[in-house]
Structure formats: structure tokens, C-alpha cells
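*Asks:* This is the structure I have questions about; it appears just below.
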Amino acid sequence: MILLFTATFTIMVLSSLDQVESSAYDKIVTHSRIRAKSQGPNVCALQQVMGTKKKYFSTCRNWYNKSICGKKAVVLYECCPGYMKLDGKHGCPAVAPIDTVYGTLDLVQAKITQQYSDQSKLREELDGAGSYTMFASNAALVSRNTELYDSLCYHVVNKRLLTKDLKNDMILQSINDNHDLYINHYSNGVVTVNCARIIHANQVATNGVVHVIDRVISFAVQTIMDEIETNDDLTTLKVRLIIPMVLSGLHGQLGESKHYTLFAPTNEAFEKLDRDVLERLMSDTTVLEALLKYHLLNSVQCSEAIMAGSVYETLEGSNIEIGCDGESLTVNGIKMVLKKDIVTSNGVIHLIDQVLILTLFYLKGTLMSMDQRLLKIILENHIVKLRVSLSDLYNGQLLETLGGKLLRVFIYRTAVCIENACMVRGSREGSNGVLHLMRSLIQPPETTIYKRLLKDGRFKIFLSLMESAGLTDLLKQEGSYTLFAPIDAAFDTLTEEDMTLLKSDINTLRAILLYHFSNGVFINGGLEGGVTNLLKTIQGNNLQVLSVNNSIHVNSVEVPDFDLMASNGVIHVVKTILYPQDLPVGHEDILILLKKLIRHIQLKVQQNTHHI
């Protein structure tokens with residue numbers, strides 16, 4: 001009985017140890033095996049990005065989205081690592097024969113590496129006694145070194161390491177003069193060595209293990225700082241940012257043995273910047289330091305590890321999203337990466353053709369040269385007097401700022417907004433307050449809708465019609481309104497006689513004008529993107545509002561200017577008159593007049609009536 005208990009306990013301990021040892025790569029291969037169980041034993045399901053040769057044991061997210069890097073993916077079924085097919089048998093029932101590392105290169109179809117091993121006389125070691133890990137590429141060898149032997153030795157480690165042994169940020173010594181190899185093991189199951197992805201792992205040999213990689217490993221001798229100082233594409237980066245780097249200590253950090261990702265703007269990227277913006281940036285070392293840190297991540301993100309969009313915090317403290325589009329990397333949704341995976345001894349560099357300037361950076365870059373009093377006012381109106389967490393906020397709430405302004409809170413289905421600005425991603429709570437990240441600068445309202453329209457100068461005719469209809473007080477009174485305000489150009493087709501006719505029919509005029517108003521404040525960020533939002537007007541019919549790519553359309557009409565905040569609502573600007581699609585016109589004269597104003601819908605006269 002004691003023996004049975006001991007045996008059972010030992011099995012349980014060994015089993016738990018095996019689970020602890022299991023790596024992200026091993027787990028994703030296991031899931032891949034489960035997805036392919038209908039194909040027979042030891043078959044794994046992979047996804048291939050259409051139009052490329054890239055194959056992945058993909059994450060659940062990619063699997064169910066049926067896409068990788070924004071491109072459609074097709075499912076492939078292959079033998080799991082270490083297994084083979086047998087003629088006439090279902091699945092992959094045979095275990096691959098075990099051989100030396102040299103012989104295993106043939107089994108995994110790394111024939112080019114095997115051929116180079118013959119030519120360089122590395123075969124004697126790969127066929128002999130010892131324990132090796134070989135990172136084998138099927139690509140033709142491209143090396144900075146003239147000696148083939150040294151180049152191949154850079155792909156070999158003098159110990160047996162399976163994927164569960166390859167830890168993130170691990171540094172291995174190759175048998176080539178102990179030159180370093182840099183391992184990254186990501187949560188999505190991707191494993192890289194000097195940013196080369198392992199595409200077929202754990203092929204066990206009698207004297208070690210072979211991992212097939214997707215490219216030849218490039219030497220990583222220089223630090224990030226060395227690369228900045230020697231790369232001709234980064235001359236402007238070096239010249240413009242060397243001083244703030246020295247002052248902030250980053251110059252030293254980027255030369256140390258740490259793990260960074262640098263999105264390095266090329267010389268052309270700086271040339272694209274507006275000269276005024278560049279001069280303002282260059283005039284303040286604090287802003288420059290923040291700018292540089294916004295291009296740095298405190299982790300190594302190789303391009304092959306990016307299979308979908310992921311958000312990372314920069315050294316500056318703000319977030320950027322790194323994604324992919326086919327074989328290209330994207331930063332904040334934009335394809336801007338010119339060259340990927342310049343591997344260094346303390347991280348990786350991606351060359352980009354645009355300088356990353358967050359709205360906050362632009363604020364600093366433009367405001368630092370302004371009157372400090374104005375800067376203080378803007379900052380004070382972004383800080384409220386009481387500690388308010390996300391869960392404390394409710395629609396219609398008023399928050400008093402240090403500057404004495406009252407900010408309104410708007411709660412929508414998919415957003416929480418303060419005046420015109422909506423939150424990015426939740427909140428960060430600290431011991432002395434709460435930080436809410438906003439998508440844009442908050443614009444506290446200064447006056448009513450009426451005074452804002454009057455001061456703007458583009459709405460003289462609309463204000464005149466509101467007065468004729470007896471509706472001017474609606475623009476002045478307290479409340480919460482959304483107004484789609486037509487500019488004067490919307491009335492260009494009307495003659496003086498037309499205007500007189502329109503003003504004479506008060507019922508029609510009021511109905512038209514009130515169709516431009518909705519109760520409640522609806523800003524662009526509060527509209528659910530990509531779907532039709534129905535806003536009930538004061539007139540009674542609905543407006544159909546669509547928000548796509550930071551633009552608004554109402555009843556299929558473009559809104560060129562939006563989110564003009566007022567103390568009693570918000571103004572969105574339109575260039576044409578809005579009219580309900582299904583509401584007939586009272587009589588023929590008004591029909592002719594409205595057809596001059598409205599061309600985006602069909603109008604008809606209602607029979608036996610003289611008003612709408």
C-alpha cells in the first residue's frame with residue numbers, strides 16, 4: 001500500500017512538474033493537435049497567411065477570426081514535430097527516426113544547412129559525441145563573416161535546449177567564440193532567436209536537438225546606441241536627439257545590456273515633419289526626451305512575434321499599438337516600418353518613415369513656447385478637484401476643475417467621455433489620485449449654442465430663420481441639445497422670394513428647423529462606430545448618424561466640422577438642409593422650394609393639406 005501511494009505521488013509530482021515546464025510554444029502545439037484530431041493521430045493544424053509562405057500554430061484569436069496579420073488565413077494539416085506519415089495509414093502514426101544532429105538536418109529538410117556543414121567540415125562535430133542545439137535555416141547563408149564555418153557555428157549552442165528551456169530574454173553562447181544569441185519566447189507561442197522565428201521545433205537527435213528557423217541568424221554585436229551612431233539612415237536621429245539622450249541618461253542605457261525595442265525614425269521621417277513643429281521640438285530638451293522615450297519599449301518585440309494588434313506601454317508612459325498587415329508591421333494602425341529586425345546586443349530596431357508624435361507631444365511641442373499663463377490654464381482644466389474613479393462617473397455629472405470650469409460627463413454604450421474627449425482605456429489609480437487617459441484635449445464650453453453660432457459667422461441665415469420661427473430661445477436656454485447646424489452656403493440656391501415664402505409658412509419652417517435638433521449631447525466619440533445611430537429629433541422623426549474613421553455622416557450627408565462644444569449642447573456643422581425621408585411636403589410651392597435646398601432625398605406633396 002505504501003509502495004502504491006509512493007508511486008502514485010511520484011507520478012503526480014512528475015505530471016505537475018511537466019505542466020510547470022510546459023512553454024507557450026508547447027501549449028500552442030498541443031492546442032493545434034486538438035484542433036486537428038479529426039485528421040488522425042499526431043496531426044497538427046496550422047494557419048498560412050494567404051499570399052505568403054508564413055505558417056503558424058496560431059492563437060485562438062487568430063483561429064476563430066480566420067486571419068493573421070489582418071490577412072485571411074487558410075488551415076493546413078501537417079504532422080506534428082517529431083512524427084511522420086505511413087503509407088496507407090491515417091494521420092501521422094510513426095515517430096521520426098532519431099539520428100545525429102547532422103542526420104536530423106536531412107529529416108527536417110534543412111538540406112542547405114546540411115550541405116554547408118559538409119563544406120565547412122562542421123559535420124564532424126554535428127555527427128560526433130556531445131550535446132548540441134542547432135538552429136537550422138533552409139535559406140541560403142548570408143553572413144558578414146567570410147568563413148562559412150564561423151557562420152554556421154553561430155547557429156549552434158553547446159547544450160541540448162528544447163523550447164521549454166528557451167526562456168524569454170535568455171542569452172545563449174554559440175560555439176563561435178561564445179558570441180551571444182538572444183532568445184525571446186512570447187505568450188502567443190512564437191519563439192525567436194535573434195528575431196529569426198522557430199518554425200519547426202524540438203526535433204530530437206542522439207546528440208542534441210534541431211530547431212528549424214525561418215531565416216539565417218544575423219550577428220548581433222553592436223548595441224542600439226552603436227547602431228544609431230553608425231547607421232547612415234539614422235543621422236538625423238543621432239544629431240537631433242543625442243543631447244537629450246545624454247542629459248536623460250538614455251545614451252548610457254541604450255548602450256547597456258538591457259532589452260529594448262526602438263522604432264527609429266529615418267532621416268526622411270524627420271524631413272516630413274512640419275518645420276515649425278520640428279523647431280519647437282528641438283527647442284526643449286524635456287520634450288525631446290519624452291519624444292525619444294515614446295519610440296522605445298522596455299521589451300524586445302521582433303516582427304515575427306506580431307500576429308495581431310497589441311498595445312504596449314512606451315518608456316514615456318503612453319501606449320502605442322503594434323500590429324501587422326500581411327508581411328508589414330504597423331504602428332498605431334499605420335504601415336510605416338521600412339526595415340524590420342535590426343538585431344542588437346540589447347534589443348531590436350525597426351526603422352520607420354514617420355516620427356511618432358502623440359497628441360500630448362504635439363501639445364507640449366506647441367505650448368512650451370506659449371505664454372506660461374495659457375499653459376497653466378489648459379493644464380488646470382484637465383485636473384478636477386475631487387478624486388473620481390471610473391466607477392464613480394455617471395451621465396450628466398459635473399466635475400469642477402482646478403481652473404474653476406465645470407466639465408460634463410457623458411456615458412454612452414461604448415464610451416465614457418468628458419466634454420468632447422473620450423477615454424482611451426480605463427483608468428490608472430495611484431495613492432494620490434486617478435489618471436484617466438483621453439483621446440484628445442478637453443475643450444470646456446465657453447458659451448451657449450446661440451453665442452457660439454453668432455460668433456462663428458457662418459450661420460447668419462440659420463439664425464435668421466430660427467428668429468422667424470420663434471425658436472431663438474432654444475439656442476440660449478439651459479439644456480442638453482445636439483444641433484446639426486447648416487451653414488449659409490446651404491441656402492445659396494434660394495432667392496429672396498423663396499426666403500420670404502419659407503418664413504411665411506411657420507409650421508413648415510419650425511418642422512424643418514426642429515428636425516436639426518436632438519435632445520441630449522451626442523459627440524462623435526460617443527457614437528458607436530460602423531453602425532447607424534438613430535437620434536430622435538425634437539420634430540419627432542429620427543436622424544440616421546454614422547461615425548466611421550473619425551468622420552460623421554447624418555442622413556448620408558457629410559459633417560465636415562463636429563464637436564463644437566457649448567454650455568447647453570454640442571454643434572455639428574452641415575452644408576445642406578436635413579429633411580425626414582418619409583415626411584411628405586405640405587403643398588406644391590414648398591415642394592419646389594425644398595427641392596432647391598435638398599437633393600439627397602425624394603420629396604412628395606401630401607394630398608388635401610396645406611401644412612406638414
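Using N, Cα and C of the backbone, Cβ positions are placed for all residues, glycine too.
Note that the coordinates shown come from a computational prediction; the quantities given were computed from them, not determined experimentally.
Found this in TrEMBL, in case it helps:
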DOMAIN    40-94  domain 'EMI'
DOMAIN    97-217  domain 'FAS1'
DOMAIN    221-356  domain 'FAS1'
DOMAIN    371-442  domain 'FAS1'
DOMAIN    446-578  domain 'FAS1'
SIGNAL    1-22  signal peptide
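Tell me about the setting of these features in this model.
*Replies:* Per DSSP, the secondary structure of the domain 'FAS1' (97-217) breaks down as 30 helix, 38 strand, 53 coil.
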*Asks:* Counting Cβ pairs under 8 Å to the domain 'EMI' (40-94), which of 221-356, 371-442, 446-578 comes out on top?
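*Replies:* Maximum Cβ contact count belongs to 221-356.
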*Asks:* Across the whole of the domain 'EMI' (40-94), what does the mean pLDDT come to? Round it, please.
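*Replies:* Mean per-residue confidence for the domain 'EMI' (40-94): 90 out of 100.
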*Asks:* What is the three-state DSSP composition of the domain 'FAS1' (221-356), stated as helix, strand and coil residue counts?
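*Replies:* The composition, in the requested order, is 54 helix, 40 strand, 42 coil.
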*Asks:* Which numbers of helix, strand and coil residues does DSSP report for the domain 'FAS1' (446-578)?
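*Replies:* Counting residues per DSSP class in the domain 'FAS1' (446-578), I get 47 helix, 41 strand, 45 coil.
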*Asks:* Quick check on the domain 'EMI' (40-94): DSSP residue counts for helix, strand, coil, in that order please.
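*Replies:* Result for the domain 'EMI' (40-94), in helix, strand, coil order: 6 helix, 23 strand, 26 coil.
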